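Enquirer: Here it is, the structure in full.
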Amino acid sequence: MDSYINLDELHHAAAEHTHDEEGNKMFGFIVFLLSESVIFLSFFAGYAIYKTTTPNWLPVGVSGLEVKEPAINTVILVASSFVIYLAERALQRHDLVKFRLFLLTTMAMGTYFLVGQAIEWNGLDFGFTTGVFGGTFYLLTGFHGLHVFTGILLQSIILVRSFIPGNYDTGHFGVNATSLFWHFVDVIWIILFILIYVWQ
Amino acid sequence: MTNVPIEGILLPNEKHNHESPTSWKEYFSFSTDHKVIGIQYLVTSFFFFLIGGIFAMVMRGELMTPESDLVDRTVYNGMFTMHGTVMLFLWTFPSLVGFANYLVPLMIGARDMAFPRLNAVAFWMVPVVGIIMMGSFFVPGGPAQAGWWSYPPVSLQNPTGNLINGQVLWLLAVAISGVSSIMGAVNFVTTIVKMRAPGMGFFKMPLFVWAVFSAQIIQLFGLPALTAGAVMLLLDLTAGTAFFDPAKGGNPVMFEHYFWFYSHPAVYVIILPIFGIFSEIFPVYSRKPLFGYKVVAVSSILIAVVSGIVWVHHMYVSGTPSWMRLIFMLTTMFVSVPTGIKVFAWVATIWGGKLRLNTPMLFALGGLIMFVFAGITGIMLSSVPVDVHVNNTYFVVGHFHYVLYGTVTMGLYAAIYHWFPKMTGRMYSESWGKIHFWLAFIGTNLNFLPMHPLGLQGMLRRVASYAPEYQFWNIIASLGGFLLGMSTLPFIFNMVISWMQGEKAPANPWRAIGLEWMVSSPPPVENFEETPIIISEPYGYGKSEPLTANLSE
């Protein structure tokens, strides 16, 4: 136990102890993302174990996955992480026009990724119920795709809100959280890409 | 600044308030006050506890005779599945979340939880979970019957061919309950990290808060694994995927990993807050500081961490290779180290204390005794040779009922009595409380002790009929079970009557230390008129140090 207690310091702290709501929200959101990453981790671990222990991993007639288009998709998605960062920076400078422009670019890149994935799914010669391989493939890419879709949804919300006067004058929790979510989705995709497409 | 004497505390801001919930209607409304939500959790979960108890009574009735003669086997299977699920997901989890909701903001000097609306939404999912789960009894094909762990391929059977069947509803309910728990965990962790009153460093937090913090971290990092497994099982059942279905090339043992990676640590999600409750109660009723506060605090985190690497001890007989069994045997045994630290600390706290054997203390002591017993059988079960012998027998059932009834439910009762004056502003009846305690304590031992010899003799769990030589112990267990069921009656009577017309409670009837006892009973809506400042360690019973300072002084 401390032998001296500086009461002045504590009084000062108590005066400062207001509700830091923005800080709480951001902290809570990070905690949520950590928890979310464990779901992905569970699926990843499952995929790795299934891949290494299942006899006849690839279904009959399936030789493997095409890597080229998904690789292009990966580049687009990772690049979009930088674009949303630029949007965030623009907002900090109160440059709403650039903020919206970069945000729209991010959304376009995200949509490109989703459409690319839809085209890939459409061309595959195995389905969700084709053994464990099909199941895990569609589960992982589908669950990630759902996150990309959610990210685009969040981006459209902050875009619309940027047109409400005075909305982004003080706190930017919505923007920071959306941006963080997008980086998270990107990092998950990089692991997923290596796990499914590179490690065949 | 005024120093506040520890003995006979009458704290500065004790006053009557008219802002706290006065009408019962408030408890049926969508409130964002953490105290209302806490009580909503407690009452709702107790309702489900009674339902789970009725299932148990039916099972014990069935097991009075060796033949399967009381209920249909489908009903029996549904009963043990639902008994387990209801008691875990609708009684122990939500009731402890209820206490955490009520107490954590008060104990750390905050006005509310970090996200009050999220908190309310998380609560209102609990009745939804209950309705969906109970709905499983009313769909074609009957309720979920695969036991609370729902192992495939049994859980994948769907003889009716319907898309909506008992098992699907069960999985949906578990998934929703998981979402609610994750929301709660985010809220608790944020509240505890970000909203402590000035001066309250981590090592000045009450141990209940430490326990809730550790437990919620397990929720955050364990629960997603169960959710992942449940989603995959749901897809197998409804969409025809092959994750766990051996007939389609899937691997059912994978489900066991997903399931136990969370569901073993889940035991600590339940028991850690109970340890926290013990740590709050023993010092008050012994009039002594808690022995080894810091070590006890750290041991909670240690339990949370180690809990993540022990899950395979549920799978010793699932084809797990020997080297892996050895690792998990050692890690499991290691859990007893931080747990033992806590037990020693409590005993040392009680030792030589000036004991007041009020109802909360009786329940806490009873719970501690039964926990020690459960700990011993737990170490036995962690050992591979013993586990292989008694796996899937009543020995295991006896062990975890000593944990879940003997320790957790007894601990919950201790907490209910201890904080009843704070929550309701009324005193409970001590004599009815003691009747309740003795019925429950005798009932618990009579019910669950005979399960150990039964298991050692080889009686399997989850069976409606058994060989006649097992009947003697089964009759004893059933009689104990009925006694246990009856013990809830004086409790309900006491709670209802005392809440309506009990003696008015002062702010601090137990002369306890802790911020929650510094505000009126029940506390005002905003908890603290002025943010308290914490300058001393908790549990300074018998020390003459200042407790807290108010800004105004």
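Cβ atoms are placed via backbone N, Cα and C, with glycine included.
So TrEMBL lists these for the protein:
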- B:18-535: domain 'Cytochrome oxidase subunit I profile' (DOMAIN)
- B:39-59: transmembrane segment (TRANSMEM)
- B:79-108: transmembrane segment (TRANSMEM)
- B:120-139: transmembrane segment (TRANSMEM)
- B:168-195: transmembrane segment (TRANSMEM)
- B:207-235: transmembrane segment (TRANSMEM)
- B:259-278: transmembrane segment (TRANSMEM)
- B:290-314: transmembrane segment (TRANSMEM)
- B:326-349: transmembrane segment (TRANSMEM)
- B:361-382: transmembrane segment (TRANSMEM)
- B:402-420: transmembrane segment (TRANSMEM)
- B:432-452: transmembrane segment (TRANSMEM)
- B:472-497: transmembrane segment (TRANSMEM)
Enquirer: Over the domain 'Cytochrome oxidase subunit I profile' (B:18-535), what is the model's mean pLDDT?
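Expert: Across the domain 'Cytochrome oxidase subunit I profile' (B:18-535), the average pLDDT comes out at 94.
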Enquirer: Between the transmembrane segment (B:259-278) and the transmembrane segment (B:361-382), are there three or more CB pairs that fall under 8 A, provided the residues in each pair are separated by 6 or more in sequence?
Expert: yes
Enquirer: Please check if the transmembrane segment (B:79-108) comes into contact with the transmembrane segment (B:290-314), where contact means 3 or more CB pairs closer than 8 Å and the residues in each pair are separated by 6 or more positions.
Expert: no
Enquirer: So are the transmembrane segment (B:259-278) and the transmembrane segment (B:402-420) touching or not, going by 3+ C-beta pairs under 8 A with a sequence gap of 6 or more?
Expert: yes
Enquirer: Within the same chain, where does the transmembrane segment (B:207-235) have neighbours whose Cβ lies under 8 angstroms from its own Cβ atoms, ignoring anything closer than 6 residues to its ends? I mean 6 or more beyond.
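Expert: 96, 99-100, 103-104, 107-108, 150, 152, 155-156, 168, 171-172, 174-175, 178-179, 181-182, 184-186, 188-189, 192, 241, 243-244, 254-255, 257-259, 261-263, 265-266, 268-270, 272-277, 279-280, 290, 293, 296-297, 300-301, 303-304, 307-308, 538.
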